[in-house]
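Notes follow the structure.
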Amino acid sequence: MFKIGNLELQSRLLLGTGKFENEEVQSKAIEASETNVLTFAVRRMNLYDRNLPNPLANVNLKDFITFPNTAGAKTAQEAIRIAEIANHAGVCDMIKVEVIGDDETLLPDPFETYEVCKVLLEKGYTVCPYISNDLVLAQRLEELGVHAVMPLASPIGTGRGINNPLNLSYIIENASVPVIVDAGIGSPKDACHAMELGADGILLNTAISAAKDPVKMAEAMKLGINAGRLSYEAGRIPVKYTAQASSPSEGLGFL
């Protein structure tokens, strides 16, 4: 359906794999979402020791585009090291650069993020940075050569939806690389809204894994994303300040 770098994504829903109650629920949610992209925190995969538990042991990663992230990194060097671990383990089709700058809000550090992207691009990675909804930063990263930008809707795990749709629209309208909305999506309505703004895709985790029924929510998110994309392509009617009758005025002469 669209590409990030040389990778073809069949679904506009990218699914995070953490926080699921158990492996069965995780597997069913993945199936219901119809995604072909799975993201995961490298530090949770125990890639450096195959004898330790692996939360994706029940998933055949060969069926998916693997999208590891550098969650847990607070510096550029930490993020680069995490990316290299994933790459050496052979589970790094593309990398989500995530460098947290504040422990309370979990907002990304723009300066460290830029440095990570610069190094990983030089090493040949397909790079997708997680950023705040900062148009100028998105533009600078695109100039650097990133393959997609991933602005947040609102802080990670808050489920607040799109806090600043105007800024998000600025990023989408000015980008020539895919825009994947990441973090803060709480419901299919939020996901649909982001897609109606013109986003290329949505990355979800908590909104699905923490739902009362993650499998149903995975399907609901898939439908919301598809509906939002169709709406964007169809083109909504303009917003007006005066009413306009939907029925024609012809035939009223007899009144």
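The count begins at 1 with the first shown residue.
Keep in mind that glycine also has a Cβ here, set from the backbone N, Cα and C atoms.
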If I go by Swiss-Prot, which of Gly157, Gly224, Gly228, Gly235 binds 1-deoxy-D-xylulose 5-phosphate at the same site as Ala183, Gly184, Asn205, Thr206?
Gly157
Using a Cβ cut-off under 8 Å and a sequence separation of 6 or more, which residues in the same chain sit near Gly184 (1-deoxy-D-xylulose 5-phosphate binding site)?
Leu152, Ala153, Ser154, Pro155, Ile156, Gly157, Thr158, Gly159, Arg160, Gly161, Ile162, Asn163, Asp190
Binding residues Gly157, Ala183, Gly184, Asn205, Thr206 (1-deoxy-D-xylulose 5-phosphate) - maximum C-alpha distance in whole Å:
10
What kind of secondary structure is Asn205 (1-deoxy-D-xylulose 5-phosphate binding site) part of, going by DSSP in three states?
coil
Taking just the CA atoms, what is the gap between Asn205 (1-deoxy-D-xylulose 5-phosphate binding site) and Lys96 (active site, schiff-base intermediate with DXP) in Å?
14
Using a 10 Å radius around its CB, how many other CB atoms surround Thr206 (1-deoxy-D-xylulose 5-phosphate binding site)?
18
Within 8 Å of the centroid of the Cβ atoms of Gly157, Ala183, Gly184, Asn205, Thr206, which other residues of that chain place their own Cβ, given that this set defines the recorded 1-deoxy-D-xylulose 5-phosphate site?
Gly16, Pro155, Ile156, Thr158, Gly159, Asp182, Ile185, Leu204, Ala207
